[in-house]
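Take a look at the structure below.
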């Protein structure tokens, strides 16, 4: 039989399913209801072998002959049904070894599962009991792969110290295997090391059938029975597999042994024979291996226990095994016996060897009741929950002299022969039947106790047999000599014997074809044990299931969408330059493109949202989640709003709506997307390439499909948010910071800051020079206009033109347009004067230039006076910064000059910052003197008062009493002079307050009092350099 072939299909009808169901599992249910369209029955044979190689050399050379080719049988030393077992074949060459027979193998096996023990010498390997020796794995993999037919693929191979588990599948079966999960459980030294334990693997066959294979090596020695039971419990509890994933959907939790559909437990279980002298067991079995047990059959005597053909002992299984008809049915599982079938002639059956007391099988049956494994199963300690073992019809697998066929241990220890090496199996049906049996027994005991509690213990004496029934002691006697772990009571019921309903809901069957040993393999002191199973299972055909899944998904989507709200999104081409964005076509790589975005320049695009469904649609934009303060995503540069173009409430013709909108079928609404970058910290990150203008808007439709709208914009580099050291390195003629930064980005392939290793081209930033120059020129023009034009009057506020509350030009949009024009001129290295429209008043221009100057200074990363420079200024002895007005009077002109000299000495350590500071303060001092002048006449009056030095500097050093006396006569020359002095001092002080914090970078204290102290010092430092010598 080929390793995998379609088996006759059972009647699998599709079940009707309501497509309109809102159950989230409806897709799975509908697809499952159509399983007959994508599931096909298959049949494979599974060969499971176990062998303790005892670290003997040459054992890998025998692997091909017994495990793949099936050789090494000895029909005289095992009860084999040679005439009717489909997996026993005769050698074409008539090989004398084993009577010229071999087991099915080669490409007729769909799944090879091999468990080896002691592939390394554990006595010398104890220090590495958890190590994996790749050389050992490779040697055995090479031996097995060389023996297997071409095309067989490795499913898994795993080593735990001396344990090695290998699984290989045929070319037809391998593609259908998935969800392979292999784990190791050490139970040796300290209860965790790997000299004892198990290697366990879980596979899924055909997306329908879960199979688990356990290769174990339990504690050795006759007296360590309890430890072997403990080992099994540890393997069961600690073996955890990964969650199963089918069609991309993973289960929530992993699996363990017991969750599978078919389990196979094999290896050197090390269970021994109790209650019999080892010498008697060896003597008894040696009589059989020599052919001397039944002297009446002299023809069966074997002259040599190591060689010779021996006698083939025919075997007909008892009622516990599959009969001939059952085995024939494994190849055609849909065939069932009917009353019209012709029954076989009883004379055609060979005699059962168990009926002959002198037969080998009779001897084996007499030994099996002493088997520890059978005893602990009967006691319910291990493997009582549905595990089966085939009939034991072969000699004990341990312990032999290496190189002999049937010579048991002749060393000094003379260990008693035992069936240490076993293969057990269990189906989901077996486990569920055991659980049901326990439940029924518990309910029976509960009912019996309830009757006793009600005083009815004697009312049902006739029924006591129902409640006191002991299946192990009552009823018919079990057949004598029955081998293995059988649970025939589970076969009762309506289901056909062998049917297993898998976890996925499919019907599978499994049959044990043979369970025997390869007695003629002599390279180890253990004999290899083999089992061959026939598995009929339903396998998913991936292509057919994908087709059904797609059809069901489309149909469910159609049905669901008919009753779901839906929106259609259309761009309003009038809202933005049509070349600056792409229309949404439903493709994820398309979206809204705003083009270049500049600092403070607002850009908008309008989307029209239409309810094209048949039900009301409620929707809103999903708000951006809160992120860390240092993340680029913290800045809200993109805003959304809904407006309706009917019932206008303002000049724009739009009505601003709530964040959540409900539209009736056929209604429309406009969604406005607004991009604005106005945070200087964000500007710095955009200039440096640490942030980008990309976001995905989520338009959430309640009970409908969400719309994902990618929004992108390109950042336009600007002088705002850069350092002085960057701006000094922009060459003349490079197109300003914008052109130079773009050129660098194209060269480097990424957006970034201007490198500090470039050449310095000027002592102060061009932007600072242009702004201060424009402020100076415009101040003169404003004063000139005041002289020539009646309607032009320069504001007398001390903070004008730099303080916002003093501005006369307050029209917001017009002022913003001027600011953007100046910034654009600075970024392009163009003249500031050309940024204003013709006819713009000089005072209006001066106010806007003052605003941009402060914006530029505020945006400098390092400031003009950096934080390190400020710390050094604070450490210097500067009376003018640390004292009030009284201190200033005492300081005098010489003291102020000394303080200025000290500050300039500190700033000289950063030449470019020093020059920028002097350049800025000189311009501000000039503007202050022009807007609040002291005439020569005023100075002369002040000098004549006796305070010539102080008066000449305009410091107002007259005493409070004399000032109040003189101010009373304000119309006098002295009064006019003092009023002019007050105006000058007020303007210098206010300029110092406005520019102090933007020029000086100082840490901000937490306490309000400390913050005020720092602000006073910043103001005093700038104010100190604004005072000018007069006359």
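Heads up, the Cβ atoms here are built off N, Cα and C, so glycines get one too.
TrEMBL tags one of the stretches 146-202, 203-259, 374-430, 431-487 as region 'Disordered', and that stretch is 431-487.
Of the candidate ranges 1-20, 21-40, TrEMBL annotates residues 1-20 with the feature region 'Disordered'. TrEMBL lists region 'Disordered' at one of the ranges 304-360, 532-588, namely 304-360.
Assigned with DSSP, the residues of the compositional bias 'Basic and acidic residues' (431-459) fall into helix, strand and coil as follows: 23 helix, 0 strand, 6 coil.
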